[in-house]
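These notes are about the structure you will find just below.
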């Protein structure tokens with residue numbers, strides 16, 4: 001039977017976390033305008049949207065862990081977007097091409113919905129769009145890109161940052177900017193590549209980190225494991241001071257320099273402060289098999 005992955009705004013749920021709502025609360029579309037979470041105190045907060053990918057949910061364990069890491073790090077307002085029906089969570093399997101194609105088609109709808117939510121935050125609750133960051137995994141990375149395009153169409157400006165966690169590869173390998181996550185979708189676009197099979201293997205951001213050359217990740221035997229590691233790497237970079245260092249790399253043409261030769265103007269730390277480093281382009285990031293994963297030989301950038 002064909003999977004029913006029909007997108008409907010009414011099916012979207014938001015899991016919202018903050019320092020005074022650490023266990024999270026659940027919002028739906030009809031409650032967005034009257035919930036007391038969005039008050040005058042929201043204006044000054046840094047807001048982070050988390051957007052999951054194919055077959056996943058907004059309260060998957062990796063996103064819950066990242067949400068907790070974010071609110072421990074700073075007074076973030078974290079909004080995890082659950083579009084699980086549109087992502088075929090209940091109906092498809094990883095081998096279901098029809099279900100996946102439907103989920104791909106739904107990413108634009110979800111992106112527009114996130115952009116409309118952003119408009120509400122900006123216009124009604126006076127949140128600065130320069131304080132809003134999107135973090136998307138797999139299809140969620142491209143969804144974040146579509147949201148970034150939509151907020152620009154709405155003349156709201158650009159998001160502060162989009163972090164694409166191993167943006168989905170299938171159906172996107174030959175896509176141009178209008179049809180995928182792109183460097184122009186936010187003021188700064190950071191991309192973490194961890195699977196050459198399930199993720200895109202070309203530069204799409206201001207900085208593109210190829211962790212372990214963007215191929216199989218340490219400790220992983222399946223592509224799905226490597227694909228998910230991007231989420232875990234970022235979470236650990238948020239939780240710990242340990243810097244996962246990226247050193248400049250021209251794919252296919254050169255061997256990256258050892259991180260022992262890194263300087264603050266040539267290399268970049270993966271994570272929320274990546275934009276503070278001047279270097280742009282593609283970077284190779286060596287990684288350890290176990291958390292906190294960083295392989296930096298004690299180097300301080």
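Going from the start of the chain as shown, residues are counted 1 onward.
Every residue, even glycine, has its Cβ placed from backbone N, Cα and C.
The disulfide bond feature in Swiss-Prot is assigned to 5-88 (among others). According to DSSP, residue 5 (disulfide bond) sits in a coil region rather than a helix or strand.
Annotation source Swiss-Prot lists active site, nucleophile at 138, citing similarity to another entry. For residue 138 (active site, nucleophile), applying a Cβ distance below 8 Å and a minimum sequence separation of six or more within one chain yields 52, 53, 54, 56, 165, 166, 167, 168, 198, 199, 227.
Feature annotation from Swiss-Prot assigns active site, charge relay system to 166 (among others).
Sequence annotations record features per position, and here Swiss-Prot assigns disulfide bond to 177-182 (among others) based on similarity to another entry. Residue environment of residue 182 (disulfide bond) contains 21 other Cβ atoms, counted within 10 Å of its Cβ in all protein chains. In the three-state DSSP scheme, residue 182 (disulfide bond) is classed as coil.
Every protein chain considered, the tally of other Cβ atoms within 10 Å of the Cβ of residue 220 (disulfide bond) stands at 17. Annotated disulfide bond per Swiss-Prot: 220-225 (among others), in sequence order.
A 10 Å cutoff on Cβ-Cβ distances gives residue 227 (active site, charge relay system) a total of 24 other Cβ atoms nearby, all chains included. Taken from Swiss-Prot, the feature active site, charge relay system applies to 227 (among others), supported by sequence analysis.
Taken residue by residue with DSSP, residue 269 (disulfide bond) is part of a strand. Counting only same-chain residues six or more apart in sequence, the Cβ atoms lying under 8 angstroms from the Cβ of residue 269 (disulfide bond) belong to 237, 243, 244, 245, 246, 277, 301. According to Swiss-Prot, the feature disulfide bond maps to 242-269 (among others).
The Cβ neighbour count for residue 294 (disulfide bond), using a 10 Å radius and every protein chain shown, is 23. In the three-state DSSP reading, residue 294 (disulfide bond) counts as strand. Residues or ranges marked as disulfide bond by Swiss-Prot on the basis of similarity to another entry: 243-294 (among others).
Annotation source Swiss-Prot lists disulfide bond at 262-267 (among others).
Comparing the disulfide-bonded residues 242, 243, 267 on other C-beta atoms within 10 angstroms of each C-beta gives the minimum for 242. Across the fold, the C-alpha of residue 294 (disulfide bond) and the C-alpha of residue 5 (disulfide bond) stand 38 Å from each other.
The secondary structure of residue 262 (disulfide bond), as reduced to three states from DSSP, is coil rather than helix or strand.
The Cβ of residue 5 (disulfide bond) has 26 neighbouring Cβ atoms from other residues within 10 Å, across all protein chains displayed.
In the structure shown, the C-beta of 262 has more C-beta neighbours within 10 angstroms than that of any other entry among the disulfide-bonded residues 177, 262.
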